[in-house]
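Asker: What follows is a single structure, and I will ask about it in a moment.
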Amino acid sequence: MARTASTILFLLCLVLITGYTMARQEHCNLPLEKGKCGGRFERFYYNSHKGKCESFFYGGCSGNDNNFENEEECDKACGAFMTMADANSFCNLPAVVGRCKGYFPRYFYNTEAGKCQRFIYGGCGGNRNNFETVXDCRATCHPREKRALADMTMADANSFCQLPAVVGRCRGRFPRYYYNTEAGKCQRFIYGGCXGNRNNFETVEDCRATCHPREKRALADMTMADANSFCQLPAVVGKCRGYFPRYYYNTEAGKCQQFIYGGCGGNRNNFETVEDCRATCHSHA
């Protein structure tokens with residue numbers, strides 16, 4: 001009888017502890033909420049992305065339970081409970097703008113792209129796949145990013161290097177690079193900040209490093225006849241509305257001239273420098 005009572009007591013304690021831990025994790029995962037009032041009261045909240053407590057200014061009313069009067073209270077309530085399994089789960093979540101209408105550049109781990117990318121956060125709500133810096137995003141979801149890159153075969157690279165430039169559903173303006181199969185090289189375009197596809201690179205070097213074999217092969221396979229054909233194409237602004245000075249070979253003028261490129265689409269008679277234009281279409285000049 002005594003043993004049964006002890007077992008029941010132990011199980012009851014276990015249930016209470018588990019419930020407390022889950023409740024703790026719930027409010028420790030909540031985003032920073034300043035509240036609706038206009039006061040300035042220093043408080044602390046648990047930053048689940050960085051795994052530590054940080055200070056913020058509380059307005060004085062409303063907000064949520066991730067709000068502590070001092071750092072010690074925050075540490076005691078939340079501590080460091082995030083496991084790699086937790087990180088893996090929220091790194092899979094989509095970028096969520098949230099219900100507020102602010103404009104805060106943030107980073108999220110994009111499972112489709114296999115890397116951390118920028119998006120615009122509204123300022124409240126959302127989920128844990130939301131980081132203030134790309135470094136924080138990589139530090140948390142880096143094992144996934146590293147593994148995704150390691151698992152990517154040349155066939156994978158070849159497949160997504162053929163995808164078109166996709167602005168995405170958000171309305172930011174972030175200069176990015178994509179491999180343009182028509183032009184046979186990496187070119188700039190304007191990314192909206194969220195969604196899109198893996199043919200999206202922060203630098204032209206990243207684009208070339210990933211899709212370089214295609215770019216190199218395209219250039220190697222390009223005969224003088226190919227050059228002659230696209231050097232005769234007209235300058236095409238493209239469907240995007242960016243402002244990128246480029247050069248094209250003007251058959252009427254018999255030389256390379258500048259034009260304004262919109263950022264995506266267009267054709268292969270499009271060069272970043274006048275030297276590139278002359279080197280490719282030199283026989284016309």
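Cβ from N, Cα, C; glycine included.
According to Swiss-Prot, the disulfide bond annotation covers Cys28-Cys78, Cys37-Cys61, Cys53-Cys74, Cys91-Cys141, Cys100-Cys124, Cys116-Cys137, Cys161-Cys211, Cys170-Cys194, Cys186-Cys207, Cys231-Cys281, Cys240-Cys264, Cys256-Cys277. Annotation source Swiss-Prot lists domain 'BPTI/Kunitz inhibitor 1' at 28-78, citing sequence analysis. Residues or ranges marked as domain 'BPTI/Kunitz inhibitor 2' by Swiss-Prot on the basis of sequence analysis: 91-141. Here Swiss-Prot flags 161-211 as domain 'BPTI/Kunitz inhibitor 3'. Here Swiss-Prot flags 231-281 as domain 'BPTI/Kunitz inhibitor 4'. Here Swiss-Prot flags 1-23 as signal peptide.
Have a look at these and tell me how they're positioned relative to everything else.
Answerer: The Cβ neighbour count for Cys28 (disulfide bond), using a 10 Å radius and every protein chain shown, is 20.
Taken residue by residue with DSSP, Cys37 (disulfide bond) is part of neither helix nor strand, so it is coil. The Cβ neighbour count for Cys37 (disulfide bond), using a 10 Å radius and every protein chain shown, is 13.
Taking Cβ-Cβ distances under 8 Å and a sequence separation of 6 or more, the neighbours of Cys53 (disulfide bond) in its chain are Phe44, Tyr45, Tyr46, Asn47, Phe68, Glu71, Cys74, Asp75, Cys78. Under the DSSP three-state reduction, Cys53 (disulfide bond) is assigned to strand.
In the three-state DSSP scheme, Cys91 (disulfide bond) falls into the coil class. Around Cys91 (disulfide bond), taking its Cβ as the centre, 21 other Cβ atoms fall within 10 Å, counting all chains.
Neighbour list (Cys124 (disulfide bond), Cβ cut-off 8 Å, at least 6 residues apart, same chain): Pro31, Glu33, Gly98, Arg99, Cys100, Gly102.
The Cβ of Cys137 (disulfide bond) has 25 neighbouring Cβ atoms from other residues within 10 Å, across all protein chains displayed.
Under the three-state DSSP scheme, Cys211 (disulfide bond) falls in the helix class.
For Cys194 (disulfide bond), other Cβ atoms within 10 Å of its Cβ number 22. Cys194 (disulfide bond) falls within neither a helix nor a strand when secondary structure is assigned with DSSP, and so counts as coil.
DSSP assigns Cys281 (disulfide bond) to a helical segment in the three-state reduction.
Sequence-distant contacts of Cys240 (disulfide bond), defined by Cβ-Cβ distance under 8 angstroms and a gap of at least six in the same chain, are Ala165, Val167, Phe189, Ile190, Gly262, Gly263, Cys264, Gly265. According to its DSSP assignment, Cys240 (disulfide bond) is coil.
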Asker: Return the single residue from the disulfide-bonded residues list (Cys161, Cys170, Cys211) that has the minimum number of other CB atoms within 10 Å.
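Answerer: Each of the disulfide-bonded residues Cys161, Cys170, Cys211 was scored by Cβ atoms within 10 Å; lowest is Cys170.
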Asker: Reduced to three states, what secondary structure does DSSP give Cys256 (disulfide bond)?
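Answerer: Assignment for Cys256 (disulfide bond) reads strand.
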Asker: Rounded to a whole angstrom, what is the C-alpha distance between Cys281 (disulfide bond) and Cys256 (disulfide bond)?
Answerer: 8
Asker: Going by Cα-Cα distance, which of the disulfide-bonded residues (Cys37, Cys61, Cys194) sits nearest to Cys28 (disulfide bond)?
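Answerer: Considering only the listed disulfide-bonded residues, the nearest one is Cys61.
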Asker: Using the structure shown, find which entry in Cys61, Cys207, Cys264 (the disulfide-bonded residues) has the sparsest Cβ neighbourhood within 10 Å.
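Answerer: Result for the disulfide-bonded residues Cys61, Cys207, Cys264: minimum number of other Cβ atoms within 10 Å at Cys61.
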Asker: According to DSSP, does Cys74 (disulfide bond) fall in a helix, a strand, or coil?
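Answerer: Going by the DSSP assignment, Cys74 (disulfide bond) falls within a helical segment, counted as helix.
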